[in-house]
């Protein structure tokens with residue numbers, strides 16, 4: 001479904017990610033892990049089109065989308081949740097969801113919102129509240145709900161659990177797995193919390209200094225004490 | 001009574017022009033020095049309409065809105081969209097240059113209109129018609145300007161807060177990158193915001209020649225007042241801008257009346273707008289919006305503490 005070939009990404013002319021290749025099928029979760037500044041988020045931005053692609057290509061369902069602008073990628077079924085901010089603070093929860101379903105016909109759109117609210121019961125009753133008044137966990141739930149409204153086939157999440165309490169982070173990852181199961185979603189998860197990411201993912205891509213150090217099963221990476229210890233700081237695996 | 005109506009109508013005109021400027025600041029983060037030129041373009045559209053149709057300039061409101069809107073749209077597409085990623089200072093400098101270019105174009109147009117079309121296009125004014133309302137004779141402007149302003153501002157409110165398009169515009173204003181990530185066509189949305197801001201300015205331009213003589217460079221004195229309004233309201237606050245329009249409209253009208261009564265030249269009028277800008281920046285830098293802003297800043301759309 002997603003094929004990334006020899007992708008180099010950067011900002012302006014500065015290359016941050018160097019020739020990364022991988023593929024991902026529907027229903028699979030890929031965790032991208034690595035130390036700070038290794039280019040994980042930049043890789044995601046390159047795939048989605050919010051950072052400059054300096055080489056290589058991205059194929060989505062067989063179509064070359066390397067140069068396609070983000071709104072075209074969204075219409076094709078790709079969704080991306082950025083690291084810093086995934087909701088509009090000045091809009092209400094309902095308006096945020098409405099915005100996410102903007103291009104759909106009105107009737108179908110409302111059905112989708114109802115459907116998403118069923119998936120995220122935490123948001124029920126909060127529809128008229130401004131997003132700036134929500135807790136960190138509620139905001140992330142809303143951000144993921146917004147990504148899900150258009151029923152994407154590929155969901156790319158950039159550190160969705162950052163700054164969340166462990167309990168909330170755990171609930172959020174559980175939700176991501178639920179969504180993967182219900183929608184047969186392909187999920188790319190960039191996480192600083194490597195242990196959490198590797199536990200819930202099928203495949204792992206370890207990045208160091210913008211290059212791929214490991215690509216394979218998450219289980220294997222977790223059990224590879226050398227890589228896990230040196231690059232991820234996971235001294236005791238389990 | 002006459003003075004009060006005068007102040008109300010002037011406030012309405014100011015509100016139309018400055019809300020457009022505020023919209024540019026909120027959506028594109030550009031303090032557009034060329035904004036007053038869209039007002040002047042609206043005035044010239046009304047002049048041409050009157051010259052060719054012999055009808056009252058009030059009927060030129062749709063035309064002035066269209067021409068003002070198109071001027072702002074072109075400014076956005078040809079200048080600000082290309083420089084959008086370069087930051088607020090670059091955009092502001094570009095807008096200063098654009099202001100000079102538009103003024104030069106208006107000078108050329110005024111020359112052409114005067115020499116080839118025989119239209120008196122420098123220092124022109126419109127003569128107003130009187131209407132009788134309940135036995136009281138009123139100038140048409142004192143009814144048309146407030147009613148038009150109120151209607152358009154209500155429509156703008158409905159557009160921003162009750163339509164999908166408004167949600168999109170507010171989202172792009174808050175975070176264009178995130179809006180794009182969610183599939184919003186940011187360029188199209190900003191184009192529309194600019195068209196609306198220019199259209200409002202164009203409409204304001206139809207009313208001004210009923211009170212002031214208009215020339216290609218009239219934008220310079222209008223601009224100072226508009227910046228005084230948006231500074232007093234709080235840069236980037238729509239609600240603050242509306243309140244400040246009323247305050248400035250009343251204050252300037254009373255000032256001119258007072259100066260005339262004292263036999264002092266009304267040419268001192270710009271000094272008032274200048275003083276408002278300086279004192280606001282010194283005493284209340286966040287303007288009126290600072291009164292209801294929280295520690296995280298004022299929402300551009302809010303009118304009270306949230």
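Our numbering is plain: 1 for the first residue shown, then up by one each step along the chain.
Cβ coordinates are placed from backbone N, Cα and C, and glycine is handled just like the others.
Because TrEMBL annotations are produced automatically, they should be read as predictions rather than curated entries.
Over in TrEMBL, the protein carries these features:
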- B:7-26: transmembrane segment (TRANSMEM)
- B:58-79: transmembrane segment (TRANSMEM)
- B:91-110: transmembrane segment (TRANSMEM)
- B:140-160: transmembrane segment (TRANSMEM)
- B:192-210: transmembrane segment (TRANSMEM)
- B:222-247: transmembrane segment (TRANSMEM)
- B:254-283: transmembrane segment (TRANSMEM)
Could you give the residue numbers and ranges of same-chain residues that sit at least 6 residues beyond the transmembrane segment (B:58-79) on either side and whose C-beta is under 8 angstroms from one of its C-beta atoms? 20, 24, 28, 32, 34-35, 37-39, 41-43, 45-46, 49-50, 94-95, 98, 102, 140, 144, 148, 190-191, 194-203, 205-206
Quick one: find which recorded stretch in B:91-110, B:192-210, B:222-247, B:254-283 has the most Cβ pairs under 8 Å with the transmembrane segment (B:140-160). B:192-210
If we call contact 3 or more Cβ pairs under 8 Å (sequence gap 6 or more), are the transmembrane segment (B:192-210) and the transmembrane segment (B:254-283) touching? no
